[in-house]
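Feature list (source: TrEMBL):
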type	residues	note
COMPBIAS	175-188	compositional bias 'Basic and acidic residues'
DOMAIN	1-164	domain 'Cytochrome b561'
REGION	175-204	region 'Disordered'
TRANSMEM	7-24	transmembrane segment
TRANSMEM	44-62	transmembrane segment
TRANSMEM	74-92	transmembrane segment
TRANSMEM	104-124	transmembrane segment
TRANSMEM	144-165	transmembrane segment
Amino acid sequence: IHGILNIIGWGTLLPIGVIVARYFKQFPIKLDPCWYYFHYSCQVVGYILGTAGWGLGLFLGHESKYYTFHSHRVLGICIFGFTTLQILAFQFKPTQEDEYRKHWNVYHHFLGYALLVMIPVNIYKGIKLLKPDNITWKWTYNGILVLLGVVVLAFEIVTWAVFLYKKCCKKTVEESSPRRVEIEEDSKGQTNEGSSPRKIEVQE
């Protein structure tokens with residue numbers, strides 16, 4: 001139960017929330033404000049399930065008289081602490097006009113991507129503890145990571161394709177748009193150094 005809760009909560013829902021925030025916020029697919037509610041929901045539900053699994057893990061560690069898994073325990077505590085900060089960050093998020101919003105964005109993104117590295121490492125550490133009966137667990141989580149990776153790769157390709165397409169279209173429009181040229185003429189319609197010219201704009 002400890003493993004299932006953490007794999008679903010930390011290892012699946014939190015990454016899905018990150019994917020939604022990255023690819024549905026504005027580019028390549030804009031789903032505003034739906035992306036925010038889905039992102040927030042994934043993070044909150046993932047946090048609740050992960051916290052339940054984390055608490056159960058602490059209980060199992062406390063009840064274990066002969067085994068201590070120090071690194072797995074420390075990483076689990078760090079993951080819980082960082083995800084708690086992320087959830088609290090939603091409650092104290094500055095407005096778009098606030099001068100501290102850019103600092104909040106840097107903090108939120110950095111901590112989120114750090115968690116994406118720590119979570120799989122700790123899940124694999126937990127799966128390793130189940131040896132020799134850990135093959136099914138290992139390949140199940142491998143499948144989840146591969147599926148998430150394929151989704152990210154597909155969206156990344158679409159993102160670059162849309163970006164390059166829009167860039168090429170913009171460049172083509174700028175090249176095909178008419179240029180305005182100023183011609184100086186005198187009152188008779190001829191250029192004269194001594195006369196006061198008037199400017200006529202024509203398109204070419």
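Placed from the backbone N, Cα and C atoms, the Cβ positions cover glycine too.
Taking every recorded stretch in 7-24, 74-92, 104-124, 144-165 and counting its Cβ pairs under 8 Å to the transmembrane segment (44-62), the highest total belongs to 7-24. Same-chain residues lying 6+ beyond the ends of the transmembrane segment (104-124) with a Cβ under 8 Å from its Cβ atoms: 3, 6-7, 10-11, 14-15, 18, 72, 75-76, 78-79, 82-83, 85-86, 89, 93-94, 138, 141, 145. On the 0 to 100 pLDDT scale, the domain 'Cytochrome b561' (1-164) averages 90 in the predicted structure.
When Cβ-Cβ distances below 8 Å are used as the criterion, the transmembrane segment (74-92) is approached by residues 10, 14, 40, 43-44, 46-47, 50-51, 54, 57-58, 104, 107-108, 111-112, 114-115, 118-119, 121-122, 125 of the same chain, each at least six residues removed from its ends. Counting same-chain residues at least six beyond the ends of the transmembrane segment (7-24), those with a Cβ under 8 angstroms from any Cβ of the stretch are 30-31, 34-36, 38-43, 45-53, 79, 83, 112-113, 115-116, 119-120, 122-123, 140-141, 144, 148, 151-152, 155, 159.
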